[in-house]
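Asker: Please read through the structure below; I'll follow up with questions.
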Amino acid sequence: MPSDDFVKTARKALISHSVSIQNYTEDDCQIAFHATTNSFMQTIRLVHIFFCTFGAISSSLFIYVLLNSSSRNLHRNLRISLASLAFAALIACLQLDFIAFYHLALTLTADNACDSMYEARKCAILRFPVVLSIYATLCGIIVLAIERTIATLKYKTYEANGSRVVGLVLVTGQWFVCIIVAVFSVLLRSDPGYVHYCTAYVSHPRTSVFSLCFMSALEVATLVYFVLLLQSNQRRQVNEFVNKAMHSLSERYQLQENVRIMKILIPSITVHAILGFIGLGSMLAFAIIYRYADERLIVGFAPFSEVVLLVIPIYAVVFPIVAVVQNKQLRLASRRALPFLFNPESPETSEMLPADPPPLHKIITSRPSRQLEKESNTHFDLLNEMWKK
């Protein structure tokens, strides 16, 4: 496609008006009724209910683990950022669950085919939490990139000087920006009138394609940036081990923490990017098949839209699993906060359990590894004080 044609297509997509119609006929009612009640859409709704329910449970448990005292060994900004991402997924799962149940109940109780028509503005309000969650996830990933950049550049003083304030300010900014963008997006595309099916984007699918392309490109760029940050921290970590006398214990701890956090974030964001590309592929398929569709044929976009939205609950299920599996500290915190989900006899779990009380009579035993670690930390603290002098 020539560059001029591509620019014209992009401009047309970005300024596409809502596909709502001002007046509907009996034929419109029948089209909407068929789109709502056909067996394929009913199956998609049941799949939505299944994944959204498990996604909401998974996100809730993950947030509980991050806020529980068992995860206090994790970096506070990591907990804040991960909890923010999980909260965004939780909002979307709850709203998608509600929408699926609502549509299912409406299908079973509808007496008139015209009851399947939706007011465009009510549809926009109904789908607003989902749109908010999509932007909150993207903004959250960008916020993580900013926070990790600060931690990398200021690793010598980051742990001691205001890191909690940095995390809270960034997360507050994340939600402020995503709320403004989501409200603007909904207001821009919620024209008066009626739609045949209530999708997340009440507009032509071309708009969704270009929006998803932009978000996917931004996410891939952020992922590449995370990989570069990981390599930078690993190089500094190697230099720290070679020249230990030139680095304090706080600096060494922060470098190790940076590497551990990046190894959590990269797999999690990779999963989200892969799922996003799957959704983008579905949108592109529809845009190619229905390139010149008018408002009344856009209802065929509904199945593609619902399949794409499955990305959100699937990510809500996969994201906590990947984060827990990739990080031992987070895994141990999960075992302690949610013992009913894990094997209490696991060797990892035993590391988090309190030590047994000493016996009444003296016996010769080796000291617990945790005691040795405590004494080792005390020893290094003393050495650090000597180095400072």
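Just so you know, glycine gets a Cβ as well, placed from its N, Cα and C.
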Asker: Quick one: Swiss-Prot says Cys123 makes a disulfide with which of Cys52, Cys178, Cys198?
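Answerer: Checking Swiss-Prot: disulfide partner of Cys123 resolves to Cys198.
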Asker: Identify the topological domain of Cys29 and of Asp191 in Swiss-Prot, and say whether both name the same side of the membrane.
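Answerer: Yes - Swiss-Prot names the same topological domain for Cys29 as for Asp191.
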Asker: Swiss-Prot tags one of Asn23, Asn161 as N-linked glycosylation site; which one?
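Answerer: In Swiss-Prot, Asn23 carries the N-linked glycosylation site label; others show none in the record.
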Asker: Can you tell me which parts of the same chain pack against the topological domain 'Extracellular' (103-123), counting only residues 6+ beyond its ends and a CB-CB cutoff under 8 A?
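Answerer: Non-local partners: 18, 20, 24, 26, 28-30, 32-33, 35-37, 42, 45, 49, 190-199, 202.
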Asker: Per-residue pLDDT averaged over the topological domain 'Extracellular' (103-123) comes to what?
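Answerer: Overall, the topological domain 'Extracellular' (103-123) comes to a mean pLDDT of 80.
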Asker: Going by DSSP, how much of the topological domain 'Cytoplasmic' (67-81) is helix, how much is strand and how much is coil, in residues?
Answerer: 10 helix, 0 strand, 5 coil
Asker: If you count Cβ atoms within 10 Å of the Cβ of Asn23 (N-linked glycosylation site), leaving out that atom itself, what do you get?
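Answerer: There are 7 such Cβ atoms around Asn23 (N-linked glycosylation site).
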Asker: Cys123 (disulfide bond) has how many other Cβ neighbours within 10 Å of its own Cβ?
Answerer: 21
